[in-house]
Amino acid sequence: MAYSKIVGTGSYLPERVVTNQELESRISTSDEWIVSRTGIEARHVAADGELTSDLALRAAQNAMTAAGVSADEIDLIVVATTTPDMVFPSTACLLQAKLGIKRGAAFDVQAVCTGFIYALATADKFVASGAHKCALVVGAEVFSRLLDWNDRRTCVLFGDGAGAVVLKPSDAPGIYSSHLHADGSYSHILRVAGGIAEGQIRGNPYLEMDGQAVFKLAVRVLDECSREALEHNGFKGSDLDWFVPHQANLRIINATADKMGVPRERVVTTVARHGNTSAASVPLALDKAVRDGRIRPGHLVLLEGVGGGMTWGSVLLRF
Ligand code: ACO
């Protein structure tokens, strides 16, 4: 049986940090409200002119260095993003050009905050099948550009960033399995409904969210898809070395970990300093825990995410 395996991770955060205290000075909110409801203390925000592909490039370069892989080895690029640089070409093609790569396949995946899970699951199929030999999988977002910064219900929650992994074929796991789900009947609870038509923005170009509906669905489906990955492979929550969940909200993360029986000290959380970076959140958290020495070769790691669509999913892997 052939598998794909993560051989390097990388990430990048824009320089500018927006703290809760800065938001307090701009809108009617408080550090206490934001921290008690979400666990978020600060988020990074991209500079004017800094594009998703710029963030993706930095994260990709860091992952390729960690993997010891040069650009000419990469034959597949999958980018998960909700905030592409442009309608087309895809951000994956723009990243490919920035990396100086001229061969292989490159495409984007759109599953909002579940994007990296979808992208990793997709690339795994291509690599484990032998069709591609070296894949770059990136989650990158400038979510700050989808926010109405006067809407306190949403703008406090999100941030910008990028994370990446390099995948190669392996005889041993590697990625055990991935489990993807979607239910489009929930599209109205989290969306950016606006789009461009005939040169005009049609509909609301800013993020709209029914926070409580998202919260309830997230806690339910994350537990389901986490259990699905563990049970499918004959593991229990207590077997996990590390749980790396989507970083939307500390209360959602803790509720999911508790339901699965994963001790809090085995949960990687970055939401306090990153906010919710959508498709970038899982690879950012993964890279942080790899670089600070918590996640080590041989560890059993569960990644999971939930986001607009609604979409959700999990990936169980041996690092
Ligand atoms: N500062 C101060 N007050 C606020 C803020 C704010 N930033 N935002 C909302 N409020 C007020 C509301 O106006 C409301 O006041 P009112 O009662 O006078 O009308 C009050 O706080 C309560 O609002 P709720 O929306 O009921 O607050 P809730 O306790 O549900 O918390 C939150 C909101 C944090 C968004 C919560 O519902 C949540 O975490 N939901 C999950 C959403 C999420 O994580 N989304 C991320 C994207 S999806 C994803 O990644 C999975």
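Any Cβ shown, glycine's included, is placed from N, Cα and C.
Any TrEMBL annotation is an automated prediction that lacks curation.
Annotation source TrEMBL lists domain 'Beta-ketoacyl-[acyl-carrier-protein] synthase III N-terminal' at 107-184. Annotated active site per TrEMBL: CYS113, HIS246, ASN276, in sequence order. Positions annotated as domain 'Beta-ketoacyl-[acyl-carrier-protein] synthase III C-terminal' by TrEMBL: 230-318. Feature annotation from TrEMBL assigns region 'ACP-binding' to 247-251.
Fewest Cβ neighbours within 10 Å among the active-site residues CYS113, HIS246: that distinction goes to HIS246. Between the CA atoms of HIS246 (active site) and CYS113 (active site) there is a gap of 7 Å, rounded to the nearest whole number. Only residues 6 or more beyond the boundaries of the region 'ACP-binding' (247-251), in the same chain, are considered here, and those with a CB under 8 A from a CB of the stretch are 37-40, 113, 157, 215, 218, 269-272, 274-277, 281-282, 284-285, 306. Close to ASN276 (active site) in the fold, though at least 6 residues off in sequence, lie ILE40, CYS113, PHE143, LEU157, PHE158, GLY159, HIS246, GLN247, ALA248, ASN249, each with a CB less than 8 Å from its CB. When the domain 'Beta-ketoacyl-[acyl-carrier-protein] synthase III C-terminal' (230-318) is classified with DSSP, helix, strand and coil residues number 38 helix, 22 strand, 29 coil. As a whole-number mean, the pLDDT of the domain 'Beta-ketoacyl-[acyl-carrier-protein] synthase III C-terminal' (230-318) in this prediction is 97.
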